[in-house]
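Asks: Structure below; questions to follow.
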């Protein structure tokens with residue numbers, strides 16, 4: 001079966017999103033203003049008149065939401081790292097490791113080095129596309145279509161600076177995880193599988209990629225289950241698959257042809273050099 005950057009990544013993320021949509025039950029929590037009685041609170045803006053859910057401990061002030069508080073307290077720090085300013089560099093770690101572990105081949109195979117450079121360019125374009133189009137342009141379109149958020153809402157007394165957050169807000173954290181922590185590493189591991197199957201490079205990159213995908217899915221679950229509506233999550237997922245995963249699938253097929261073409265050319269060159277050497281030996285004899 002042909003390798004595809006979509007197989008494991010899309011399967012894992014789609015299962016995560018599906019489960020998160022079930023858990024969501026129509027909730028959309030936003031951060032509540034910190035008070036002396038609750039430093040880490042959230043309020044469900046989709047439920048008119050709901051109380052602030054205090055998550056200062058793993059036990060929620062609302063018993064049914066103990067799971068949310070448990071997850072937020074134990075795992076949200078991972079999300080904070082993955083959405084930090086270094087988020088653009090983290091997805092390039094598998095490529096960097098592949099380059100370090102392939103030093104010998106890089107020195108003797110210029111085509112291999114050129115293909116690795118092409119992968120870096122693809123990942124850079126993907127990251128820039130995510131920032132400029134899937135984040136900035138999408139947010140701009142949301143503001144143009146919806147206008148500014150309302151200045152008055154029932155939950156404004158509980159919000160920092162009394163800010164309302166009624167507008168539709170596509171799952172941007174989901175898009176970030178899908179594009180940079182799943183699509184890019186999955187493409188890299190499939191490219192390495194085409195280049196150097198059953199090598200320490202492949203197994204190392206594959207192991208690291210699986211960890212990145214699992215962490216990304218954890219963050220997708222947290223964001224989708226509690227902090228976005230089902231529509232926002234669904235649109236973010238569809239947009240990620242349509243604009244990044246599908247093009248990556250097409251590029252991978254072209255990349256496979258490039259690898260096979262370079263190998264054929266190298267084999268032909270080696271064969272030609274061998275015949276030339278044999279011919280000179282026969283003449284000398």
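Just so you know, the numbers here start at 1 and follow the chain as drawn.
Heads up, the Cβ atoms here are built off N, Cα and C, so glycines get one too.
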Asks: Quick check on the annotations: TrEMBL lists transmembrane segment for one of 148-167, 168-187. Which range is it?
Replies: 168-187
Asks: Give the one range among 81-100, 120-138, 168-187, 199-222, 234-252 whose Cβ atoms make the most pairs under 8 Å with those of the transmembrane segment (6-23).
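Replies: Top-ranked stretch among 81-100, 120-138, 168-187, 199-222, 234-252: 199-222.
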Asks: For the transmembrane segment (234-252), which recorded stretch in the set 81-100, 120-138, 168-187, 199-222 gives the largest number of Cβ pairs separated by under 8 Å?
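Replies: By the under-8 Å Cβ criterion, the transmembrane segment (234-252) pairs most with 168-187.
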